[in-house]
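Below: the structure, in structure tokens.
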Amino acid sequence: MDTNGTAFRILCAIGLFFLVQFFYVFSKVERLDEGKLTLEAEVLMLERKRDLMRTKLNDLERETYRSEKKLQSVENRLRDHLKLLGSSSDKMPMIYFVTPTHFRPSQRADLTRLSQTLAQVPNLHWIVVEDADSTSSSVAEVIRRVKLPYTHVNAKTPTDMKMKYEDPSWKLPRGVAQRNVALAWIRRQFASLKRGVVYFGDDDNTYDWRLFSEMRAIDRVGIWPVGIVGGLLAETPILAANGSVVGFNAVWKPERPFPIDMAAFAVNISLVVEHPDAGFDYSVPRGFQESHFLTSLGLAPKDLEPKADHCTKVYVWHTRTEKSVLPKAVAEKVKSHADGDFTELEADALGIDL
């Protein structure tokens with residue numbers, strides 16, 4: 001038996017086996033390298049696509065920014081144009097929109113919403129009267145931002161007539177001192193003015209722009225329906241066939257001379273000037289402030305001029321912002337807001353200077 005030949009053949013077989021294994025592994029590595037190169041090429045392609053998308057996104061952001069600036073410019077030109085249209089004496093009468101306001105968690109929100117409604121109304125002078133010892137920079141900022149003609153003053157409610165935050169809204173009359181200060185300012189500034197209307201607009205009511213067009217045509221006193229007030233969906237005067245006011249549908253204290261809401265009427269400024277003692281009074285029975293003011297101007301129901309399409313439309317709603325529901329500790333901090341420890345964000349929400 002040729003043992004040397006057998007051993008040689010075994011060695012050749014082993015060598016051949018390892019050679020085959022080597023070429024197999026080598027081919028696998030080659031394929032892995034090719035796969036790696038392919039993946040790297042795909043990654044590079046995706047990176048190029050990503051960079052292209054970023055470039056397009058940046059272009060879109062720049063275009064969006066330019067479009068927003070153009071829109072803002074158009075809005076500013078339109079607002080300036082409307083102001084110019086309203087500034088001439090032979091154009092529409094000025095509306096003196098009187099807003100009493102007091103600090104509460106929603107004050108800044110309410111004034112912001114109202115200001116953005118009034119900003120669209122030409123020939124409107126906004127008179128904001130704060131129930132405070134002095135005017136606040138937060139309220140001033142809201143007023144100035146809308147670029148309306150405005151007057152910003154303050155009048156403090158007497159302590160014994162000041163409602164607590166938890167008191168119901170009907171407990172004491174609100175806005176008495178503030179409306180009287182606004183009337184006094186109007187009389188000082190416009191003693192000889194015969195054109196224009198005075199309207200008392202609360203900071204949490206809701207107004208349709210059509211209301212302002214309606215009230216400009218008032219000769220003495222205009223009246224219209226008010227939505228969601230006095231226990232009714234719409235409180236309104238009742239008209240005769242000839243369009244005169246013959247009654248009211250009020251269910252709360254209908255015996256009042258004028259059973260209407262403060263938002264239901266506006267008066268010609270000449271009446272305010274001609275009756276220097278007309279105003280509001282803390283001694284008046286609850287719900288009679290409107291009647292007291294209108295009768296002190298020498299007016300009777302027969303003088304009412306129905307507006308809002310003969311009192312068939314509602315252009316103002318007596319909405320009220322719901323009292324903010326806050327934890328007791330936070331509510332107490334808000335009550336003493338001048339000394340409260342607020343974060344910058346909380347202070348901005350409330351309109352408080354830190």
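Cβ atoms here come from the backbone N, Cα and C positions, even for glycine.
Taking a C-beta cut-off of under 8 angstroms and a sequence separation of 6 or more, GLU290 (active site, proton donor/acceptor) has the following same-chain neighbours: ARG256, PHE258, ILE260, ASP261, MET262, ALA264, PHE265. Residues or ranges marked as active site, proton donor/acceptor in TrEMBL: GLU290.
Per TrEMBL, the feature Mn(2+) binding site maps to ASP204. Residue density at ASP204 (Mn(2+) binding site): 20 other Cβ atoms are found within 10 A of its Cβ, drawing on all protein chains shown.
Taken from TrEMBL, the feature coiled coil covers 43-77.
The transmembrane segment feature in TrEMBL is assigned to 6-26.
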